[in-house]
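Novice: Per Swiss-Prot, the features are:
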BINDING   Thr6, Ser7, Asn8, Arg9, His10, Lys11, Ser65, Phe139, Gly140, Tyr141, Asp142, Lys162, His167, Arg168  substrate binding site
BINDING   Glu35, Asp64  Mg(2+) binding site
ACT_SITE  Asp64  active site, proton acceptor
Amino acid sequence: MYRFVTSNRHKFEEVSEMAALYGIEIEWVRMKYEEIQDDSTERISYDSCNKLSRIVEAPYFVDDSGLFINALRGFPGPYSNYVSSTIGNEGILKIMDDVDDRTAYFLTVVSMNEGHSITQFIGKVMGKIARSIRGSNGFGYDPIFIPEGSDRTFAEMDIKAKNAISHRSIAFRGLFEYIKMNQTAKK
């Protein structure tokens, strides 16, 4: 049984649906944990995974995600959670009000501790910031992020459509394919 350590119910639901497609059952370890403040999403995810080894039985995984807005030099980036909880989507839109370059990307880094090592999986999706909040599905920045090739925000998509293209789904597909490959190799 693989454990997903997160306090975010929405994340767990998204990831559970993806895991089921691979025939992988995951357990939710609902837990808040302290993250280091760092400019690297990869380091934040790795450090969290490493620290949790003292209290969570392997195998388990964590993820860290960020929204990186090009015109704002990557802000909010690895500080996305804090920015979301303080100024929210309205604040981001206000900062972006007179900005023409609305290109951005979402990045997710999944770190899995197998007991002997930590392996990372990265997912990235390019897109742009909408001019208004749109949609009611998803969470976080979903109502203001329009993925490349779409005219809808993530929040305007159902979970299946979002999971087909999102940064989180790319990273977690990498994880689940890795798990399946290792399960096959052990047989």
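Glycine is treated like the rest: Cβ placed from N, Cα and C.
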Novice: Within its own chain, what residues at least 6 apart in sequence put their Cβ under 8 Å from the Cβ of Asp142 (substrate binding site), listed in sequence order?
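Specialist: Asp142 (substrate binding site) has long-range Cβ partners Gly135, Thr153, Phe154, Ala155, Lys162.
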Novice: Under 8 Å between C-beta atoms and at least six apart in sequence, can you list the same-chain neighbours of Gly140 (substrate binding site), or say none if there are none?
Specialist: Ser65, Leu67, Ser80, Ser84
Novice: Give the sequence-ordered list of residues that share a chain with His167 (substrate binding site), lie 6 or more positions from it, and have CB atoms under 8 Å from its CB.
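Specialist: Correct list: Ser65, Tyr105, Phe106, Leu107, Thr108, Gly123, Lys124, Val125.
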Novice: Would you pick out, from the binding-site residues Asn8, Ser65, the residue whose Cβ has the largest number of other Cβ atoms within 10 Å?
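Specialist: When each Cβ's neighbours within 10 Å are tallied, Ser65 leads.
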Novice: Out of Glu35, Asp64, which has the highest number of nearby Cβ atoms, where nearby means within 10 Å of its Cβ, if these are the binding-site residues?
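Specialist: Checking each of Glu35, Asp64, the winner is Asp64.
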Novice: By a 10 A CB contact count over all chains shown, which of the binding-site residues listed here is most packed: Thr6, His10?
Specialist: Thr6
Novice: Let me know the largest Cα to Cα distance in Å among the substrate-binding residues Thr6, Ser7, Asn8, Arg9, His10, Lys11, Ser65, Phe139, Gly140, Tyr141, Asp142, Lys162, His167, Arg168, as an integer.
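Specialist: Largest Cα to Cα distance for the substrate-binding set is 21 Å.
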Novice: Hey, how far is Asn8 (substrate binding site) from Glu35 (Mg(2+) binding site), Cα to Cα, in Å?
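Specialist: So the Cα of Glu35 (Mg(2+) binding site) lies 15 Å away from that of Asn8 (substrate binding site).
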Novice: What is the interatomic distance between the Cα atoms of Asp64 (Mg(2+) binding site) and Thr6 (substrate binding site), given in whole Å?
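Specialist: Their Cα atoms are separated by 10 Å.
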Novice: On the three-state reduction of DSSP, what should I expect for His10 (substrate binding site)?
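Specialist: Reduced to three states, the DSSP call for His10 (substrate binding site) is helix.
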Novice: What does DSSP assign Ser65 (substrate binding site), in three states?
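Specialist: Reduced to three states, the DSSP call for Ser65 (substrate binding site) is strand.
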